[in-house]
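Asker: The structure follows.
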Amino acid sequence: MSPDIRELFSKQLWYRETKRRLKKFRPKDVWATIVDERWTILVSSIFASGLLALQLTAWSDLTTNAWFTLWTTFAAVVPMIRGVVDADVCLFAASTLLLLRGIIEPRDAFAGLSNDSIVSIALMMMIAAGLESSGALEFVPELVLGRSKREWVGQLRMHVAVAAVSAVMNNTPLVAVMIPVVESWCRNNNHHPSRFMMPLSYSAILGGLCTMIGTSTNLIARGLAQQDDPKLKLPFVEIGIIGLPLTVAGGLYVVLFSPLLLRKRDTMMAAVVADPREYVVSMRVDARFAHIGRTIESAGLRHLRGLFLADLQRQDGTTVPSPPPTTIILQGDKLTFAGDIQGVQHILSLPGLTPISSADMAADLEETVAGAPSSDRIMVEAVVSLSSPICNMTIRDSHFRSRYGAVVLAVHRNGERIAGGLGDIVVKGGDTMLLEAGPDFLQKYKHSTEWALAVDAFRVSLPRRDPLALFMSLAIFIALIVLNSMDVLPLSTTALVCLFAYLITGVLTVSQCRAAIPSSILLTVAGGFGVAKAMTETGLAHRLAGSLLDVFAWMGRAGPVAAIYASTSLLTALLSNGAAVTLMYPIARDLAKQAGVNIKGPLYALMIGASSDFSTPIGYQTNLMVSGPGGYRFLDYTRFGLPLQFIAALITVPICVLYFESQPK
């Protein structure tokens with residue numbers, strides 16, 4: 001039996017884990033949880049009371065099944081908003097309850113898994129992985145950025161390049177690739193990254209609104225609409241009638257107002273380099289260390305460049321602060337160094353010194369760091385995703401080192417470094433971590449849903465690429481775009497042909513295809529299909545649509561579109577955009593029927609509203625991805641993004657009303 005299996009069934013492990021879990025149910029800890037979640041509990045209670053009042057009064061005529069659907073949806077949405085449970089789990093759980101109740105049939109609950117648009121999303125993500133691996137995603141923007149010393153010129157060039165590429169592919173992998181490119185460009189041209197990272201995310205979002213394949217939410221909404229009406233035609237570039245003016249306005253807004261509203265902030269790496277005494281790393285002396293039994297001075301640890309030995313702790317717990325040069329080094333000693341990042345890199349490369357994240361993690365010393373020796377390891381800047389399994393756990397309890405083969409060296413949250421023992425830090429979605437990891441970490445977790453972003457913290461130039469693979473990937477992808485724009489074949493068909501061409505030409509491998517599949521997004525949308533069907537079948541969508549029309553009746557012709565845009569924008573700021581689209585679509589469809597307008601107006605408002613969240617870091621994946629590299633705080637998004645949110649509304653609603661609603665139904 002392997003050591004891992006023996007550990008799994010060991011009494012000590014079960015005792016330790018059971019004891020740790022039971023601690024959460026102590027009255028003191030339960031009360032602390034209630035205090036921490038007091039606002040969530042208060043708002044949820046008020047909302048639930050309002051629903052109960054409606055059930056007893058104005059909406060008393062709704063059927064029992066309609067109320068069961070509404071309460072089930074409410075119960076699924078609350079944990080999604082708080083990030084306690086993943087969106088895919090919540091929506092599939094809701095679909096399961098509705099299925100057991102008999103409100104929907106099995107074919108309705110699983111309809112999303114076989115939907116053409118869901119398959120298209122998976123295929124397009126795999127194609128994006130091929131473009132990324134060939135270097136095509138870096139080649140075009142790097143070529144366009146140039147070497148301008150003027151900030152506004154760089155922003156404008158970046159906006160044009162990123163928006164153009166984002167229009168024909170998913171924006172999440174594009175932003176993941178562009179972050180290190182833009183960071184390197186900012187360093188080389190003496191620009192501040194915080195003036196470029198948020199505009200990078202906004203450019204990708206706006207560019208994705210110019211075509212039907214630019215973002216997954218467009219494909220989800222199209223799939224839902226065509227499932228209801230197979231004859232509905234949604235041309236490849238028709239949404240660009242709204243998206244193109246939005247993109248132009250967004251670019252002008254960034255150039256004109258970023259100097260006023262977007263503050264210069266230090267990134268995580270800049271803060272570390274700027275304050276050398278703040279950066280601390282602890283190392284354990286193991287049997288491989290060549291200087292065991294020697295003094296600190298003779299071991300070469302006395303006069304380190306950019307680094308000093310701040311503390312030495314023996315295995316018996318004896319601590320020697322600021323140890324003198326005559327102190328003898330013994331096996332098992334914990335050495336704590338403080339200094340700049342270059343000094344830390346040097347100490348991490350010494351054989352026989354194993355990094356540990358803090359003194360509090362000494363209990364995890366039996367966990368060996370997987371991967372290559374320390375000299376081959378890399379420094380990684382990673383942003384924790386909202387759906388990561390380590391969210392709401394301390395770094396110690398997450399067994400971070402054994403789970404990821406990496407060591408946490410620093411944690412930043414909301415633009416500030418978290419001080420204190422790293423082992424006691426409770427991980428939150430959006431936290432930015434500096435990790436010392438094995439060389440395979442990036443390949444393994446680049447496309448993982450556990451991390452919103454994972455990049456090499458010290459990459460200073462683009463890697464060399466195979467020119468043939470670069471040419472083939474671009475040529476095949478351009479053929480896909482041309483075929484789709486001409487509506488020659490369905491998107492899923494052309495995407496499948498493109499994917500096979502990538503595999504045959506060696507642009508992409510089978511393992512890269514598997515890693516690129518966004519399982520969380522697909523399951524979220526697939527689970528939402530069942531809930532959407534239940535809202536339709538029970539008449540709940542019809543009632544909610546009528547209520548929205550009443551609320552926005554004062555806006556006249558613009559009311560139906562404004563109602564959908566505002567509701568979807570609010571929902572996508574709280575949930576994932578995929579969940580927002582699936583929950584709002586049946587309401588948008590019924591609202592269009594009741595108002596007697598063309599479905600395209602509310603449908604395109606739904607697409608734009610689901611993707612146009614600029615005012616929070618959590619409403620859209622790319623906003624979260626740039627939060628760490630840009631060193632942003634939550635209010636930075638509100639200050640810079642909220643005006644753009646209003647600009648998007650002022651452009652979207654009139655175009656939807658004047659252009660699409662005037663078309664025959």
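Even glycines carry a Cβ here, placed using N, Cα and C.
Unlike curated records, TrEMBL annotations are generated automatically.
Keep in mind it's a predicted model, so treat the numbers as computed, not measured.
According to TrEMBL:
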type	residues	note
TRANSMEM	39-60	transmembrane segment
TRANSMEM	80-100	transmembrane segment
TRANSMEM	121-140	transmembrane segment
TRANSMEM	160-179	transmembrane segment
TRANSMEM	200-221	transmembrane segment
TRANSMEM	241-262	transmembrane segment
DOMAIN	268-353	domain 'RCK C-terminal'
DOMAIN	367-451	domain 'RCK C-terminal'
TRANSMEM	468-486	transmembrane segment
TRANSMEM	492-510	transmembrane segment
TRANSMEM	522-542	transmembrane segment
TRANSMEM	562-583	transmembrane segment
TRANSMEM	603-620	transmembrane segment
TRANSMEM	640-660	transmembrane segment
Asker: Go through the chain and flag residues at least 6 beyond the ends of the transmembrane segment (121-140) whose CB is under 8 A from any CB in it; none is fine as an answer.
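Answerer: For the transmembrane segment (121-140), the list is 161, 164-165, 169-170, 173-174, 176-178, 181, 213, 216, 219-220, 447, 462-463, 465-466, 469-470, 472-474, 477, 480, 492, 495-496, 498-499, 502, 507-508, 512-513, 515-518, 521-522, 525.
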Asker: Six or more residues beyond either end and a Cβ under 8 Å away: which residues meet both conditions relative to the transmembrane segment (160-179)?
Answerer: 121, 124-125, 127-129, 131-132, 137-138, 140-141, 144-145, 197, 200-201, 203-208, 210-211, 213-216, 240, 243, 247, 251, 446-447, 453, 455, 477, 481, 516, 621-622, 625-626, 629
Asker: Run the contact check on the transmembrane segment (241-262) against the transmembrane segment (640-660): 3 or more C-beta pairs under 8 Å, excluding pairs closer than 6 in sequence.
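Answerer: In contact, yes.
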Asker: Across the domain 'RCK C-terminal' (367-451), what does the pLDDT come to on average, as a whole number?
Answerer: 72
Asker: In the same chain, who gets a Cβ under 8 Å from the transmembrane segment (200-221) while lying at least 6 residues past its ends?
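Answerer: Non-local partners: 117-118, 120-121, 124, 158-159, 162-171, 174-175, 178-179, 182, 234-240, 242-244, 246-247, 250-251, 254, 484, 491, 518, 521, 525, 577-578, 581-582, 585, 603, 606-608, 610-612, 614, 620, 622-623, 625-626, 641, 644.
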Asker: With pairs restricted to those 6 or more apart in sequence, evaluate whether the transmembrane segment (522-542) and the transmembrane segment (80-100) have 3+ C-beta pairs under 8 Å.
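Answerer: Yes, these stretches are in contact.
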